[in-house]
Amino acid sequence: MAERILGKTLATVSLSVALASVTVKSSGCCSIPACRNSFLSCGFHLNSNIMSSSNGAKENSHNKARTSPYPGSKVQRSQVPNEKVGWFVEWQDYNPVEYTAVSVLAGPRWADPQISESNFFPKFNEKDGHVERKSQNGLYEIENGRPRNPAGRTGLIGRGLLGRWGPNHAADPIITRWKRDRSGNKITHPVSGKNILQFVAIKRKDCGEWAIPGGMVDPGEKISTTLKREFGEEALNSLQKSSAEKRELEEQLHKLFSQEHLVIYKGYVDDPRNTDNAWMETEAVNYHDETDEKTEAKSV
């Protein structure tokens, strides 16, 4: 059963809603490590508010990208009122703060150079070598050589903690099963009468919030590879297992991630690390274990 895979690190969270109606959104934490620029460090939670258009943001869908202080710093964003989030609203006095974290400026492999560097010629809105610079939400504007956040103003320019100018792509596996009784029968919710759907979540040590185990898409990597890798690393803690245990786990993950799946959401994410020039996007994919057979494993 799933609990035998999850051990003490994970939990199965129950829902009595139709999976197809669920979308996702990020949620901020108290601290954000920059060593791997992990998307998961912000938490990824179920929510129904997403970006509404390329010119502005739906109410309550572009809030975390305007919060201060900026994660991992004391930097205060310029305040952006709701009515001036959209780029289509003229705002001549808009004066965003510029900030890019020292960890990003140090030039790790997952980060772009500064726009001003003479040997950097990014190809925005297209595949740039192994780096995907296309947005899930369509074409984005380029202003003064910098990409412009399609959801609107954030009160901060530069890249903050994000490595890429423009979209920073992540992937989030949503692993589900039906809640069952000891006899294997599906359990229904006493009020809605619907079958109860469970999904895998992890509890973050840095902020104490529950999150979906996901991470950044490496350059040239397929989304399916990221989904499988991140679930193994973040959720099942595979990096701390013996070689034999890793091989067994790999077989189990291969069965789980080789089955039919459903893309729940792909596009812009309201993330506290977003800036006017760099933002998070994700593809959240559901892998459902109808019988529990694919998630059955020895205790970890």
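Backbone N, Cα and C define each Cβ position, glycine as well.
A TrEMBL annotation is a machine prediction, not a hand-curated record.
Worth saying up front: this structure is predicted, and the values here are computed from it rather than measured.
Given the ranges 54-77, 126-149, the record in TrEMBL names 54-77 as region 'Disordered'. Each residue in the domain 'Nudix hydrolase' (178-300) gets a DSSP state, and the totals come to 31 helix, 36 strand, 56 coil.
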